[in-house]
Amino acid sequence: MESTMKEIRGGASVLDMDPKSTVGGGVEDVYGEDCATEDQLVTPWTYSVSSGYSLLRDPHHNKGLAFTEAERDSHYLRGLLPPAVVTQQLQENKLMNSIRKYQVPLQKYMAMMELQERNERLFYKLLIDNVEELLPVVYTPTVGEACQKYGSIFRRPQGLYISLKEKGKVLDVLKNWPERSIQVIVVTDGERILGLGDLGCQGMGIPVGKLSLYTALGGVRPSACLPVTIDVGTNNEELLKNEFYIGLRQRRATGQEYADLLHEFMTAVKQNYGEKVLIQFEDFANHNAFTLLAKYGTTHLVFNDDIQGTASVVLSGVVAALKLIGGSLADHTFLFLGAGEAGTGIAELIALEMSKQTKAPVEETRKKVWLVDSKGLIVSSRKESLQHFKKPWAHEHEPVKDLLGAVKAIKPTVLIGSSGVGRTFTKEIIETLSSFNEKPLVMALSNPTSQSECTAEEAYTWSQGRAIFASGSPFDPFEYNGKVFVPGQANNAYIFPGFGLGLVISGAIRVHDDMLLAASEALAKQVSEENYDKGLIYPPFSNIRKISANIAASVAAKAYELGVATRLPRPANLVKYAESCMYSPIYRSYR
């Protein structure tokens, strides 16, 4: 992956650390008040102790009926609450009981978002304790519907909106955010939300959801997380005509205008928050995603979850699946449907891991990986017309027009879907794949569920129960010929929270491919024999905090090894250190 980015940026590596290509930042006078002249405007920051009525409306500190008698006296809450004092656990039980009564997933999503705006710690306690049940509610697939209807369900802002109106004032906008110590920013421009396309400003649901998982699954404290939406317009005609649309009513800006706003944002982030803030690019269209990752990879701590996070979680699943399908990574042939940022990112990381294991050049190991896009198999005769990120996958072969033809010609052992188009793994394709594989590995990764290349039921039925299956969105267990199959979920939520925590605890200032490989290997090691017996190639989400701690430790160790970690001295036990840094949702006592 880094080799592809180096080609785009003319040979520069993320480890080069050219000080001329970075911007300053992280100085004590972050807001510039001390050096401002008398005619310059500054932000009038004030702090006060929250108590009484304001305390009950502060989501960071509100505990509802869990305030003790002593706290009610010392914080002027007498009479503002009913007399009962209840535990946080009882509050959790009551809310879960209420949420389970909703029949519509979007209602559950809205109930969770309202709880987050009212009582932050209780929201995270619910999410951590009931992660397998609530993950599909606060994240994919429900978050996709929430983004589509975000204008109608919008209650209060949960992040920063930076539009073309703010051009030239982005640093001032960042200063408007009340938290000063930010460690993780998730930013989208809304152009390619999941498999749903251009949702413009309404894509904010994705950064909000991702950062909820950074806290719940990775333990990054919520006050250190900042969701951002860059609004440059939308090409979605339905939204432009919708009276409830909350974004700019114009067609999407491109070219220099777009690049200038993004550069101003990236520069302002580093000026305001320093060198060690992680900027995660989320759901950018292919033509921008690769360019941004290549451009800022050498100057900022940047990570693209669609390219790198997806790649890492899929590689982990493939490595774990080797115990079930046999052989080493280099013994297998991979065929992808979809050659966008997810597909090419996964392909490159698989080739890198293969190169690492066999000591062969990555140019050689890429030949074990084939990609199909909308025009058919990517082959060398198409090279001149291909986008730059597809060119490394143009191998010598006669043209093949469709996926079925490619399956017959390439005879892959692993079939991976990242096309964003539902039901493209047909009965004939799965049956053909199964005809020359005892245990074919099928990964239908596109989100949400409606866009999945095939369902778990289809994969198991058409392969006569022989397929090892994983998907991007969750599927229920399925019984075939008396055996219950539990589909694995190749969800990025396995990787990015722990990956981000590893960067934070090590004080890393750059992201390198070796860190992604370390994260993949750490996740694969968490799959137990009991999981394998059920056909699973991913561990259950119920252990996600332990999994994230192990991933964080591996990523941090690699950061120290590469010389990009700044938090010194290095902790002796990185797993224990990661666990000790994790945010706890348990209520705090107030004096």
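Cβ coordinates are placed from backbone N, Cα and C, and glycine is handled just like the others.
Just so you know, TrEMBL annotations are computer predictions that nobody has curated.
As written in TrEMBL, here are the features:
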{"type": "ACT_SITE", "residues": "Tyr139", "note": "active site, proton donor"}
{"type": "ACT_SITE", "residues": "Lys210", "note": "active site, proton acceptor"}
{"type": "BINDING", "residues": "Arg192, Asn447, Asn491", "note": "(S)-malate binding site"}
{"type": "BINDING", "residues": "Glu282, Asp283, Asp306", "note": "divalent metal cation binding site"}
{"type": "DOMAIN", "residues": "116-297", "note": "domain 'Malic enzyme N-terminal'"}
{"type": "DOMAIN", "residues": "307-560", "note": "domain 'Malic enzyme NAD-binding'"}
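Sparsest Cβ environment among the recorded positions Arg192, Lys210 (other Cβ atoms counted within 10 Å): Arg192.
The divalent metal cation site is set by Glu282, Asp283, Asp306; from the centre of their CB atoms, other residues of the chain with a CB within 8 Å are Thr188, Arg192, Ile193, Ile206, Phe281, Phe284, Ala289, Asn304, Asp305.
Checking the recorded positions (Tyr139, Lys210, Asn447, Asn491) against Asp306 (divalent metal cation binding site) with a 10 Å Cα-Cα cut-off leaves nothing. Non-local neighbourhood of the residue listed as 'active site, proton donor': Gly209, Lys210, Ser212, Leu213, Asn491, Ala493, each in the same chain, at least six residues away, with C-beta under 8 Å from its C-beta. In this structure, the binding-site residues Asn447, Asn491 were compared by how many other Cβ atoms lie within 10 Å of their Cβ, and the smallest count belongs to Asn447.
Taking every protein chain shown into account, Glu282, Asp283, Asp306 are the binding-site residues, and of these the Cβ with the most other Cβ atoms within 10 Å belongs to Glu282.
Among the record's (S)-malate binders, Arg192, Asn447, Asn491, no two C-alpha atoms are more than 18 Å apart, and one pair sits at exactly that spread. Between the alpha carbons (Cα) of Asn447 ((S)-malate binding site) and Asp283 (divalent metal cation binding site) lies a span of roughly 12 Å.
Note: the Cα of Asp283 (divalent metal cation binding site) and the Cα of Arg192 ((S)-malate binding site) are spaced 5 Å from each other. When the alpha carbons of Arg192 ((S)-malate binding site) and Glu282 (divalent metal cation binding site) are compared, the span between them is 9 angstrom.
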